[in-house]
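K.L.:
There's a structure below that I have some questions on.
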Amino acid sequence: MMSMNSKQPHFAMHPTLPEHKYPSLHSSSEAIRRACLPTPPLQSNLFASLDETLLARAEALAAVDIAVSQGKSHPFKPDATYHTMNSVPCTSTSTVPLAHHHHHHHHHQALEPGDLLDHISSPSLALMAGAGGAGAAGGGGGAHDGPGGGGGPGGGGGPGGGGPGGGGGGGGPGGGGGGPGGGLLGGSAHPHPHMHGLGHLSHPAAAAAMNMPSGLPHPGLVAAAAHHGAAAAAAAAAAGQVAAASAAAAVVGAAGLASICDSDTDPRELEAFAERFKQRRIKLGVTQADVGSALANLKIPGVGSLSQSTICRFESLTLSHNNMIALKPILQAWLEEAEGAQREKMNKPELFNGGEKKRKRTSIAAPEKRSLEAYFAVQPRPSSEKIAAIAEKLDLKKNVVRVWFCNQRQKQKRMKFSATY
């Protein structure tokens, strides 16, 4: 701090400013008021705004030193340092909500120099500095804006233009709180009762953002209420649609049942089905007795095998009307199953007809073959009963034993014929 104070005379560019090294708190407002006066138009220094900013910081740090040395007799107020008491309140056009908007009426304690630097470099002041730099409509700032905003003839520059203590004071004829374009925030980080008119934003969005009580309902609550209302309406509509759909399904089901019953009980339909069943049964090569016995294989509850006469009476339409109606779905199920099996047989003839056309050659083991040769030596032409007994004893099929005896006789005949000739 002392190094900055020692460099202070080298950066004093305003001829109207006196050389105050440690101005008092009462004279600091007068010095700041003189510092905020517009720059002479013929000044050739291009870094006037930077010089003003450095000068303002040096004076503020000097005021802090005096406040610390004097103790609690002169409590330091950041707002009192950077704002005059008779400054004109500015209505802010910015709607950016402040990060800390707490109204407290007690005085601040004396700040240390490090605290003041932290206070100057806080994010809220950076936000206000950016907003102050945006107020170019009031007159345009210099090349290097200070923490207070745009420094120039028309802009609110230096400590008065939204400095470390907050926003508010106007700087120059065209300044007035950031100019007509309004780049300055209307409130400070720590507003005081005398800045009450500057600290409030009249925009409803800003009031909502600052969590201030408002007469308007919260948009989230409105959206939630609308969402729940829409969900309830949708649920009611869905329930109504489900009820209507169930009623329509019941009506359609009843109509379908009535149509099915009508088609089943129609005598002409029964007659046409009986004729069609007879023709398809004959085409399949199945007798009426086979149909009656095959009905038991369908495993329909309450349905067993039927006699051949029942199938014949159905085809000739001599059964009663109720029996015809009861027998029609059973015969239709059998007919569909028989036709399906016939189609599979036609599609794969090698599986069904191959076994019948080409029978696998039978192979007899050696022990059974020796036993058969012994029986053949005793009796080359056994009777049918003897062949059955031999087959049962050797655990062979009767037809296999019969064919073996026949083949063995033919073999013996060929052997005798070859020996003779």
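Here the Cβ of each residue, glycine as well, is placed from N, Cα and C on the backbone.
Remember, it's a predicted structure, so these values are computed and weren't measured experimentally.
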K.L.:
Please find, within the list 70-93, 94-117, 262-285, the residue stretch that Swiss-Prot describes as region 'Disordered'.
P.N.:
94-117
K.L.:
Given the ranges 57-66, 227-236, 387-396, which one is assigned the annotation motif 'POU-IV box' in Swiss-Prot?
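P.N.:
Of the candidate stretches, Swiss-Prot labels 57-66 as motif 'POU-IV box'.
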K.L.:
So how many of the residues in the DNA-binding region (357-416) end up helix, strand or coil by DSSP?
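P.N.:
Secondary-structure composition of the DNA-binding region (357-416): 44 helix, 0 strand, 16 coil.
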K.L.:
Give the mean pLDDT for the DNA-binding region (357-416) on the 0 to 100 scale.
P.N.:
87
K.L.:
What counts of helix, strand and coil residues does DSSP assign across the domain 'POU-specific' (262-339)?
P.N.:
60 helix, 0 strand, 18 coil
